[in-house]
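Have a look at the structure below before the remarks.
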Amino acid sequence: MEDETAVIGSVVTILAIQYGDVWNSSNAKQVMGSIAFAGTVVGQLVFGYLSDKWSRTDSLILSTIILLVSTILTAGSYYHNDAIGMFSVLITWRFFVGIGIGGEYPAGSVACVESTGTLKSSTRNTWFILFTNTMINWGFVFGAFVPYVVSAACHNQHLETIWRVSLGIGAVFPAVLLVLRSSVQEPEPFQKHSMKHTKTPYRLVLRFYGLRVLAVSLVWFIYDFSAYSFSIYSSTILSNLLGTSSQSPALTTIFGWNTVLNLFYIPGSLLGAPLSDLLGPRYALTLGVLLQAAAGFAISARYADLTAPGRSVAGFAAAYGAFLSLGELGPGNNIGLVAAAVCATGVRGQCYGVASAMGKVGAFVGTLVFPYVAAAGKRVVGSEVGAAQYPFWVASGMCVLAAGLVLVGVPGRVGREGVEVEDERFREFLEQNGFDTATMGLRKDGEANGEGARENVETVGPREEKKDGENGDGDTQRPSEGIQG
C-alpha cells in the first residue's frame with residue numbers, strides 16, 4: 001500500500017511543473033504531503049481499536065475498500081476547471097487514502113504476526129518481515145517506477161495524464177488484495193484470546209504493558225523522524241547525478257533516479273530478515289540503529305569530500321545507500337515486529353496502533369524540524385555543506401538514543417517466543433487481578449464466549465481466591481514482570 005505514499009512525491013513534481021506559480025502560491029504545496037500523515041494516524045488509531053474489538057479480517061477488508069475507493073477518486077480529482085479547487089479535492093481524497101493506509105498497519109501486521117506464530121521459531125520473524133516491511137519497501141519502489149513508465153509512454157508530455165494515470169494504477173494493488181482477503185479467516189490466537197465480547201481492563205493493560213508500549217512508540221517516533229525527513233536528500237543526490245545544466249531534466253530521468261534511490265531499501269530489508277531470527281528482534285534492531293548511526297556520522301564528517309565538485313557521485317550515493325539500507329536492516333524490519341509481538345492478542349491491535357501512530361507523528365515533526373536543523377548548519381558552517389551535515393548529526397545521535405530505549409524498554413524474549421506464550425502470561429496476570437478471563441475468546445456464533453475460551457483458561461491455571469483489599473503474592477510480582485519484561 002505504500003506505493004500510494006511514494007507516488008505522491010512524483011505527482012507533486014508534476015503539479016509544480018504543470019501549474020507553476022498557481023501551485024507554488026497555493027496552500028496545497030504545504031498540505032499535500034502532510035495530509036496523508038494525518039489520515040494515516042487516524043486510520044492507525046481507529047483500526048487498531050476495530051481490529052481488537054470487531055474483527056481482524058473485516059478490519060482489513062474495510063481498510064482496503066477505503067483505500068481502493070479513495071485512490072480512484074484521487075485520480076479523478078476535479079473541480080469545475082479550477083486548479084485551486086482541484087487541489088482541495090485532491091487533498092481531501094489524500095486524507096482518506098491515508099486512513100486506508102493507516103488501517104493496514106494494525107489490522108494487517110497483528111494478523112500477520114498471529115498467523116506466522118505457528119511457524120518454526122527459526123524462520124517466524126523472517127516470514128513476518130518479508131510479508132510486511134519488505135513489501136512496504138517494494139511499494140516505495142513501484143511507487144517511484146510507475147510514474148517513470150507512464151512518463152516514458154507519454155514522452156514526458158501530457159502532464160495531467162501522467163499524474164492521473166500514475167495515481168489510478170495504485171488502485172490495482174488494493175483491488176487484488178480485496179479479492180484475496182475476502183476468504184481469509186480470523187487468526188487462531190484471536191479466536192482464543194480476543195476481548196471482543198468483554199470490557200477491556202485498560203487500567204491493567206497500562207500497568208502490564210505501559211512502559212513497553214511507550215518505549216516502542218518512542219523508537220518508532222525516532223525512526224520515522226529520520227527516515228521520512230531524509231527524503232529531502234533525494235533532491236541533493238539527483239542534482240549531483242544530473243548536473244547543473246540550465247535545461248531541466250526530463251521527467252523520466254528524475255523518476256528513473258528516484259526509483260534507483262528507493263531500491264536502496266531492499267538489500268537492508270532482505271539481508272536483515274534472517275538476522276531477526278538469528279539475534280532476535282531486540283538485538284537486530286539495536287545493531288541496525290547503531291550501524292546506521294555510524295554510517296550517518298561518517299557521511300556527516302566526510303560530506304564535503306563526498307560531494308566536492310568534480311567528484312563522482314557514486315561515492316556519496318553508495319554511502320547514502322548504506323545509510324538507508326541499515327535503517328531497514330534494524331528499525332525498518334523490526335520495529336513493526338516488536339510492536340506487534342510486545343502485547344497480548346486481546347489488546348495487540350490497539351497497542352500497535354498507538355506505537356505506529358507515534359511513528360507517523362515523528363515523520364510529520366521531522367519534516368517540520370529538519371529544515372530548521374539544516375538552516376542552523378548552514379548558518380554555523382557558512383555553506384551548504386553545513387546544511388547537509390547537521391541533519392546527519394542529529395539523525396545519527398537519535399539512532400543511538402533509540403538503541404538505548406530498545407535495550408531498556410523491550411524484553412529480549414519479545415519476538416522470540418510464540419504469541420501464545422505472551423497470551424498465557426497476560427491471562428495469568430489478569431486472573432491474579434480478579435479479571436474473569438472466561439469471557440475472552442470467540443464462539444462460533446460470535447455472540448458470546450464458549451467452552452473453548454474456558455478450556456483455554458484452564459491451561460493457564462485456576463484463579464486464586466482473594467479477600468477484598470488483598471492482591472496476594474502473585475500480584476506483587478506479576479506487574480513488575482509485565483513492565484520490565
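Here the Cβ of each residue, glycine as well, is placed from N, Cα and C on the backbone.
Unlike curated records, TrEMBL annotations are generated automatically.
These features come from TrEMBL:
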type     : residues : note
DOMAIN   : 1-414    : domain 'Major facilitator superfamily (MFS) profile'
TRANSMEM : 31-50    : transmembrane segment
TRANSMEM : 59-78    : transmembrane segment
TRANSMEM : 84-105   : transmembrane segment
TRANSMEM : 126-150  : transmembrane segment
TRANSMEM : 162-184  : transmembrane segment
TRANSMEM : 204-223  : transmembrane segment
TRANSMEM : 250-271  : transmembrane segment
TRANSMEM : 283-304  : transmembrane segment
TRANSMEM : 390-410  : transmembrane segment
REGION   : 440-485  : region 'Disordered'
COMPBIAS : 442-478  : compositional bias 'Basic and acidic residues'
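Mean pLDDT across the domain 'Major facilitator superfamily (MFS) profile' (1-414) comes to 88 in this model. Of the two recorded stretches, the transmembrane segment (162-184) lies close to the transmembrane segment (59-78), with three or more CB pairs under 8 Å once pairs fewer than 6 apart in sequence are set aside.
Comparing 59-78, 84-105, 250-271, 283-304, 390-410 for CB pairs under 8 angstroms to the transmembrane segment (31-50), the maximum falls on 84-105.
Residues 219, 223, 268, 272, 275-276, 316, 319-320, 322-323, 326-335, 338, 385, 388-390, 392-393, 395-397, 399-400, 402-403, 406-407, 410, 412 of the same chain, all 6+ positions outside the transmembrane segment (283-304), place their C-beta atoms under 8 angstroms from a C-beta of that stretch.
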